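This report concerns only the one structure given below.
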């Protein structure tokens with residue numbers, strides 16, 4: 001009797017086990033074939049981070065110390081009673097090799113008749129060119145000479161930096177890695193502006209500069225006045241930028257430390273998690289750190305972020321815990337290539353390493369494992385047109401087999417880790433007169449283009465508060481290629497408060513777009529942002545104006561961000 005009961009129970013348990021295995025296997029297969037929630041969350045967080053980085057760059061203080069100097073290409077000379085035919089115009093002096101571009105300008109005056117008024121006009125034009133290039137203490141002198149010999153000689157007297165130091169009655173710091181110039185170098189205002197910006201990039205310090213006469217003619221002392229405030233900050237924030245699947249409310253806390261090594265460096269560490277308190281049903285948590293160090297025209301940074309999420313998914317006969325973890329490490333090197341009185345042009349190189357894992361019932365989904373490395377080379381441009389500001393970023397990114405990146409097994413229409421893509425960012429902001437108030441109009445454009453099939457985390461997405469606004473972000477349009485344009489008018493209303501109205505449009509395309517019921521979105525947003533004491537806020541609501549019929553979203557999504565800084 002015992003054996004009979006045992007045999008029956010064994011078959012029953014075996015059947016139940018087989019059913020459980022089949023259920024898990026079917027669920028594993030379904031999730032392995034679909035985009036993981038981790039990919040979608042990673043794409044959302046990347047879009048949010050890129051938007052915040054662009055906004056931070058636009059808020060950085062610029063040090064343009066010189067008014068726009070008007071130069072001319074005019075080479076006409078006055079007709080004079082006493083003049084001489086000049087076949088050679090020669091510029092001489094110490095360090096003349098640094099001013100070869102000026103010698104080229106002088107060639108335009110060769111083979112012409114020149115008198116004393118013409119010589120003075122030539123010197124004035126060259127002096128303006130020197131000042132426009134930042135050589136504000138370099139002079140050009142006219143020596144005694146016999147013009148009847150057909151040669152005009154001019155002497156260049158370079159302005160030299162005797163010393164760079166901090167004011168004796170002010171705070172001190174470390175200027176050597178901020179300024180790309182040293183004692184004994186030719187004084188150039190562009191290099192001094194760069195040094196001031198590298199000092200001012202530290203939020204807890206402000207810098208000013210005076211150029212004082214040196215001990216010898218042509219020499220100058222650079223005297224820096226530095227002001228310090230508290231070198232650390234703590235901030236916490238709460239917003240509803242998350243998703244319903246893993247927690248709509250998101251909370252974060254950040255500790256920032258300035259001048260950690262007394263090298264004008266920046267460091268912060270941040271912790272974040274969902275504020276829904278849904279226990280094992282769903283949730284997110286993450287951490288990140290960032291470190292940045294300047295060196296003259298260079299700025300280097302290293303960052304790392306980790307992100308974990310979990311949610312409960314419905315299987316055939318029961319629910320299963322579904323979770324994922326990702327880590328992104330990035331090294332960035334930025335170099336200023338050129339600057340003048342109104343613009344800056346730079347280049348940057350990035351190495352991006354991303355790893356991600358997904359689990360169902362603590363069993364890893366191997367088809368969703370990713371170890372990807374990419375490089376990116378970008379050109380940046382920052383330009384003032386009076387009070388109008390233009391920012392342009394053009395970047396080329398490509399997958400590489402570095403730092404443990406997985407082999408590329410893509411074939412046919414499957415995604416590749418060795419992709420190549422281009423991105424373009426453009427932002428224009430200008431004052432806008434509205435009645436008696438002066439507001440601001442801003443237009444932003446972002447685009448991505450590739451010929452490859454991409455994983456979801458590398459695709460282009462529209463339909464949330466960081467791209468095309470007016471949508472709640474629960475469902476988005478996502479594909480390999482895309483672009484969007486955001487228009488915004490903002491108006492100050494009272495005590496630092498700003499009312500804004502936005503109208504956005506975007507479109508996606510590429511291989512993955514064939515699975516979408518529509519390819520374009522447009523939406524509007526109305527919001528209020530500002531600060532009160534240590535608190536800052538941004539609250540807005542939106543309206544979807546155009547979308548595919550199958551894309552579900554709130555008719556009036558409400559977004560908010562609250563931040564406290566100490």
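Each Cβ is built from the backbone N, Cα and C atoms, and glycine gets one as well.
Under the heading signal peptide, TrEMBL lists 1-32.
The region 'Disordered' annotation in TrEMBL covers 42-70.
A mean pLDDT of 95 is what the model gives for the domain 'POTRA' (84-159). Here TrEMBL flags 84-159 as domain 'POTRA'.
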Helix-strand-coil residue split for the region 'Disordered' (42-70), DSSP-based: 18 helix, 0 strand, 11 coil
Secondary structure composition of the domain 'POTRA' (84-159) [DSSP: H/G/I, E/B, coil]: 34 helix, 22 strand, 20 coil
